[in-house]
Amino acid sequence: MASPSSPEIPKLLGPVVLWNLVGYVIGAIALTPLADRFGRKRMLVLTMAITGLGSLYNALSPNYVDYLIARTITGIGVGADLAIVNTYINEVAPINGRAKFTALVFLFATLGAFLGLWIGLLLTTPPAPFPLGLPIALGGSGVFALSGWRIMYGVGSLLALIGLALRFELPESPRWLISKGRVEEALKIVERMEEIAKRKIGELPSIPQLIEVKVMTEVSYKEALVTIFKDKVYLKRWLVLFFMWFFGYITVYTNAAGLTTILSSLGFPSPEAGMIASLGVLGFIAVPVLLIFLGEKLERKIWVPISAIISLIGGTMMALGRGSLGLEVLGAIVLFLGIDLWVPISYTWTTENFPTRARVTGFGLADGLGHIGGGIGAFLLAITIGNILSSGVGNYTALEVFTLMVSFQVISALVSLAGIKTSRKRLDELSPY
């Protein structure tokens, strides 16, 4: 395997990203129905195990082909895990805290990604003066020169092992148990949850009404698909969510994978372009912090157009702020905030649109197939942006490029307005049958 500093690495990254995405889609589509049939907890354990094994396989990969296989395995685990984790959170969270708790988990994910980025720079790159690199980086010599990236994946597999141990301690989703007719088991879990809640907030409010939930002891993939695609109510909901994710992910993918390249093509020095993009990630970190406090204040679908407006503002700031590094960085932070603000809220919203017996399947199909559109669309958009830039950089080229990138998020926002209102409503009220 080549060193991370090898000039051959950029040529090898494309297939790595592609096969990781392929794995993600496979996991989201093929494994999520098992969580509707066999339970959230069992599949949470399985998907974490798959992700950890994929990371370990990466750490031990003897060649490029094995590395690709390992990234595909990891993608399978992550694609399924995302759907099941968000479903589980929203099934056990209180009625007025689903978005808040989803944002809280998203916060830990963003902090982990941010920390992983800097640890990666520390372990896999040679030392260089800031902002060209890290002066204290270890990747230029010794074991880190060739194996720093292996150590990174090894750390990932160890963290997965810790996560696996913690998931064994989780209770099963009471909603899933009830949907299987296992009421006594669900009651015991709910009673424990109520005891904890009473110690913190006192007496709990009474349930306003009882809603009979459809019980199906066995749900096959076919039955879950029938629920989603044969019922006009759920089919319409799925179509709205699918196209929201489809177009929204085009902007997300383009920004995440290509912002530094876009800035460099617009004439920014490469180190400056990289620094602007790196500092823009602060907007990504601000997303869950903002939503923890404000996520429940508005309807889910309203956050999607709000996010698009923020993205347009950020892109405009970057396009018109040329010559001012401070304005460029601020614009990048606003851009990242807008592009990612709708994502955790939409995780919550997606789970709220489907009944318990097909909730994970519905999430996986909407998000997983949406990723396909995002990946293909981002690739085609990158070609289009490249053609624009190849004709020369004029006074308004940057504005044209950023407007084009965000335009797909605007389409996603318009689609979302056709969706249902779900805030502060019970899941069994939203999808009782």
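Using N, Cα and C of the backbone, Cβ positions are placed for all residues, glycine too.
For reference, TrEMBL has these:
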type	residues	note
DOMAIN	1-424	domain 'Major facilitator superfamily (MFS) profile'
TRANSMEM	12-31	transmembrane segment
TRANSMEM	67-89	transmembrane segment
TRANSMEM	101-123	transmembrane segment
TRANSMEM	143-166	transmembrane segment
TRANSMEM	238-263	transmembrane segment
TRANSMEM	275-295	transmembrane segment
TRANSMEM	302-323	transmembrane segment
TRANSMEM	329-349	transmembrane segment
TRANSMEM	369-389	transmembrane segment
TRANSMEM	401-420	transmembrane segment
Given 143-166, 238-263, 275-295, 401-420, the one sharing the most C-beta pairs under 8 Å with the transmembrane segment (101-123) is 275-295
Restricting attention to the domain 'Major facilitator superfamily (MFS) profile' (1-424), give the mean pLDDT.
-> 89
Taking pairs 6 or more apart in sequence, does the count of Cβ pairs under 8 Å between the transmembrane segment (238-263) and the transmembrane segment (143-166) hit 3 or more?
-> no
State, in range form, which of 12-31, 67-89, 275-295, 369-389, 401-420 has the highest count of Cβ pairs under 8 Å to the transmembrane segment (329-349).
-> 275-295
Same chain, outside the transmembrane segment (275-295) by at least 6, Cβ under 8 Å from its Cβ: which residues?
-> 99-100, 102-104, 106-107, 110-111, 114, 117, 131, 259-260, 263, 268, 303, 314, 318, 325, 328-329, 332-338, 340-341, 343-345, 348
Long-range environment of the transmembrane segment (143-166) - Cβ separation under 8 angstroms, sequence gap at least 6 = 1, 3-4, 45, 48-49, 51-53, 55-56, 58-60, 116, 119-120, 123-124, 126
Against which stretches of its own chain does the transmembrane segment (369-389) lie, if we need a Cβ under 8 Å and a gap of at least six residues from its ends?
-> 18, 21, 24-25, 28-29, 79, 241-242, 244-250, 252-254, 257-258, 262, 265-266, 397, 400-401, 404-405, 408
